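Trainee: Take this structure, written in structure tokens, and hold onto it; I'll ask about it next.
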Amino acid sequence: MGWLFPPPATLRVATSPQGGGIARFLQALALLFCVGHAAAEDIQSPLGLPPVPATVAGTPAMRNLGEKLFFDRSLSANGTLSCAMCHIPAQGFASNQSALSIGMEGRSLRRNAPSLYNVAFKKFLFHDGRETDLAAQVWGPLLAADEMGNAGIGPLIARLRADADYGPLFEAAFPGEGATMMTLGRAIAAYEAALLRGGGRFDRAVYGGERSALTPQEWRGYELFIGKAGCAACHAIGPEMALFTDQSWHNTGVAFRSGAAGGKRLVQLAPGILQNVDIAAIGLAQTGAPNDVGRFEITNAPADRWAYTTPMLRGVSESAPYMHDGSLRTLAEVVEFYDGGGGANPSLDPKIRPLDLTLEEKAAIVAFLEAL
């Protein structure tokens, strides 16, 4: 299957949390998908990225099948949604359409669709890190009532088995197995694992010795990113590669700020559309932003309240709006948020503090981020 949207130039072929029942099911399911830990032999990682683990890479036939599944609306209960409708290639494999993702029959989800660039390297998936296996993660959106709406695994697998187009593809990818819960997950995971973003101007400058690949302003932004601004404390940059994540989660105050009582708060004006509104001006005639306490929902640990996983930043200029709730529309707003010390709350991560950046420094950081 060809690209539904044109892939970005530096791309190498390359959601709503559910209840504890589905989370526990996915954790058990993950044990069934393990296929090894060596590096994939037929996917060449670009400069600045590690090798893709064979655990998720699969084979070319698996990735070909996974691509068709990724763009296929028939995977949703009513045939209207595909994975690619929230994870749009031309929009950083995220969605610029609205602050919150739109699911089944126009329902507004609680969170913004995260980018899938370099997802093969993520140890914790979803904004709250509730899943650790990419092939098992696939079933979260497929079974979520407000996302792709499938009532169970059986009906979806039956539809795929009845589709003549899929028979040869499943046979090529998984000889003798056909369409099953496991083969579907592994195929989509294999496709997603090949969505590699690297080898760009940042990588050529920092890892390839091509200093002129970044402008002086972008270099200044890089220096601030790893220095005064402290961004790299969470968005890690290594000596030989950069995933721009510490594979952990932090409370930056975004969720606490969104749900705080009094003054301005995020109000849902329409599915997926949020706006900061003065509550006193509108009284009760409003629908508040959905309550969301982050990783606390998974662990029940007080320290995880309002904490979310650190996102990777490759291609970040393509994937606005930002944060788990899409509440910041531009990279400039993101830098401004952190410059002000995030959203004050009792369990704010100690790494989050006022930065006292100048206008020139803020612009330099934005320029650096746009170069990734």
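Cβ coordinates come from backbone N, Cα and C, glycine included.
Predicted, not measured: the structure shown is a model, and the values here were computed from it.
Below, the features straight out of TrEMBL:
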type    : residues               : note
BINDING : CYS83, CYS86, HIS87    : heme c 1 binding site
DOMAIN  : 216-372                : domain 'Cytochrome c'
BINDING : CYS231, CYS234, HIS235 : heme c 2 binding site
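Let's see these features in context: how buried, what's close, how far.
Mentor: Its own atom aside, the Cβ of CYS86 (heme c 1 binding site) has 24 Cβ atoms within 10 angstroms in the protein chains shown.
Cβ neighbour count for CYS234 (heme c 2 binding site): 20 (other Cβ atoms within 10 Å of its Cβ, all protein chains included).
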Trainee: Going by C-alpha positions, which of the binding-site residues (CYS83, CYS86, HIS87) is nearest HIS235 (heme c 2 binding site)?
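Mentor: In terms of Cα distance, HIS235 (heme c 2 binding site) lies closest to HIS87.
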Trainee: Using C-alpha atoms only, work out the spacing between CYS231 (heme c 2 binding site) and CYS83 (heme c 1 binding site) and round it to an integer in Å.
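Mentor: Just about 31 Å between their Cα atoms.
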Trainee: Give me the long-range Cβ neighbours of HIS87 (heme c 1 binding site): same chain, 6+ apart, Cβ under 8 Å, in sequence order.
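Mentor: PHE70, PHE93, ALA94, SER95, ALA113, SER115, LEU116 - these are the non-local Cβ neighbours of HIS87 (heme c 1 binding site), listed in sequence order.
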Trainee: Taking every protein chain shown into account, which of the binding-site residues CYS83, CYS231 has the largest tally of Cβ atoms within 10 Å of its Cβ?
Mentor: CYS83
Trainee: Counting across all protein chains present, how many other Cβ atoms fall within 10 Å of the Cβ of HIS235 (heme c 2 binding site)?
Mentor: 21
Trainee: Translate the DSSP assignment of HIS235 (heme c 2 binding site) into the three-state scheme.
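Mentor: Going by the DSSP assignment, HIS235 (heme c 2 binding site) belongs to neither helix nor strand, so it counts as coil.
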Trainee: Please report the Cα separation of CYS83 (heme c 1 binding site) and CYS234 (heme c 2 binding site) in Å, rounded to an integer.
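Mentor: CYS83 (heme c 1 binding site) and CYS234 (heme c 2 binding site) have their Cα atoms 28 Å apart.
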